[in-house]
Amino acid sequence: MLGIENSVDRRMRPRPNTRVNLESLMSNESSRTSSSRSSSPSNRSPSPVQSEYIPPEAVKEESTVQVCLRLRPNLKNNPVRLAFRIQDNTLLARGSDDNSTERQYTFSDIFNDSVSQAQVYESCIRPSISNITGDRGATFLTYGTSGSGKTYTLLGTNNSPGIVPRAIEQVFVENSNLISPQPNLKIDKTTIQTLDDESVRDEINKVQAMKRILQNRDNSHVRMKSIIQKEHAFHPKEDPDLRVFIWVSFVEIYNENVYDLLAHDSIFGKRKPMKILSNEGNAYIKDLSCVYAGSSEDAYNILQFGIQSATYGSTDVNSNSSRSHSIFSMTVVSFSVVDQQINYSVYKFCDLAGSERLKKTGTVGDRLKEAQKINTSLLVLGRCLETVYKNQKSKKLAEIVPVRDSKLTMLIQSALLGKEKFTMIVNLYPTEEYYDENLNVLNFSSIAKQIVLQKKMTQKHHRSTRFSFFLAQATSSPSARIDGNRLMMEVERLKQELEHEATVYREQLNEKELENQFLRQELLRQELQLRNELTDDFESYCVQREATFQTRLKQAQEAAALPYKSQIATLNTKVEKLRETIMDMEYEEEEYEKKLAAYQEELRKYRDKERRFRRLTTKST
């Protein structure tokens, strides 16, 4: 039994699949009028009008993971046969055997050994961090064999900065007018946290403590900043409504344990593994040190502090080989003052440890254990990419992406699952000696290149309804064209009325703005007058209070001096009595002196008489 036709619904009503575009219909009315006059209405059948249906492919904006290839220069003295050739954006690989099949690998960009760090950054990194308020973030990953130049691409040198110093300079230069000097907003467990004054001081002290601890501190930042500014044209943004807060974190994954490189005890070797947790599908590290960077110099010092704590070792392939995966993250928090909205973007820069063959690297003991852990985590990363690719190609039930099988994939799962931008820079040492290792790297990257990141666009999907059928029938009749002309005239009239009303409203708006401006000035004047009155009242109140206090002070002084006044009066009376006594005694003393003088005179006279009497007696004898 044949099924019901698609143009008929369950109630046997017409349900055409086409829709009518009135605007295009009316605009083409004049061109269709001449052709309609030559044909009779009875001989015409209503032709279907073109639908505005948007296919599902147009609803999504698809883009593959950006995978770039960079070739390291051959630095050995003895020239060796190169096993790779570049043809546009395709790498051609052929082994030493002449009968071997030539393999082709396509990349987003291929950079030969003469391409500078600035060119790599402009092509791969800069477009992904130009918009801090619209994107969730991005993950940048360097991958390759040991000694292929991954760390050089990521960090570079003082004279040839890598993508991390350039990204730091871009973020801070473009937001130089927007960066807040105080770390008031912070991301804590994937949520926004407002810091109080004490916490703000603590965050500022963290950076200062790192600068004091940092060893071999020099002016390399100034030199690198000058080089980057010459090679790139970063322009500051102007947005007075926006405030930006930049936080930096730095971790490493060593032997499948996550360590915080910015913790103060990490530089002394007392490190503890950290836990990775998840909040609504977003992975974060518990108790991770997140340091506020108020300038590019602060961010560069924080980076150098973390590099000193990273784990490096020597192998037969590389004398200073990274023995861990390191992830440097910049979290850019933006706050809109007007809208009171907060957005944040997280930019992760991952320096993966090199994939190794134990036979060539000669690793034993601890180096062997490190290499096994590195290869295991890289294998899990490859499985995740392969699973994502299979899920996109297969229409069956999607497989679970094994992001929880490795600490590395747990931390970058947002990029692996297509929630944010993902850029991979594959580093290759294009010599025949490492041909097999390079093939593994290329196979790995070819899978990542085919992964499609899908972002839903804001286009609306128009649904077809049975009203479209009746509308198509109505627009095909001769009277519909007359009604259409009347409708067009009515639309024009309404447009003129709308423009007139808009003009009137604009004039009223200007008047209201002038009135508001006058009211603001009047409000300011009244506020100034009120402030002056309050100031005068407060000043008179202060004068009155001062007078009252002076009176009370005088009374208190008098009350305090009153007991002492009575004592002073009593003492004065005693003094007067003593003075009178002294005067009496002085008078008596004068009298006694006069009597004494009289007694002395009588005594002298008596003695004179006695002497004369003795002489007379002596003579008579």
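Backbone N, Cα and C define each Cβ position, glycine as well.
Per TrEMBL, the features are:
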REGION    1-57  region 'Disordered'
COMPBIAS  27-48  compositional bias 'Low complexity'
DOMAIN    64-451  domain 'Kinesin motor'
BINDING   GLY144, THR145, SER146, GLY147, SER148, GLY149, LYS150, THR151  ATP binding site
COILED    488-531  coiled coil
COILED    568-619  coiled coil
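Known features from TrEMBL, placed on the structure.
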residue	record	CB count, 10 Å
GLY144	ATP binding site	27
THR145	ATP binding site	25
SER146	ATP binding site	25
GLY147	ATP binding site	22
SER148	ATP binding site	27
GLY149	ATP binding site	21
LYS150	ATP binding site	26
THR151	ATP binding site	24
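Mean pLDDT across the coiled coil (568-619) comes to 89 in this model.
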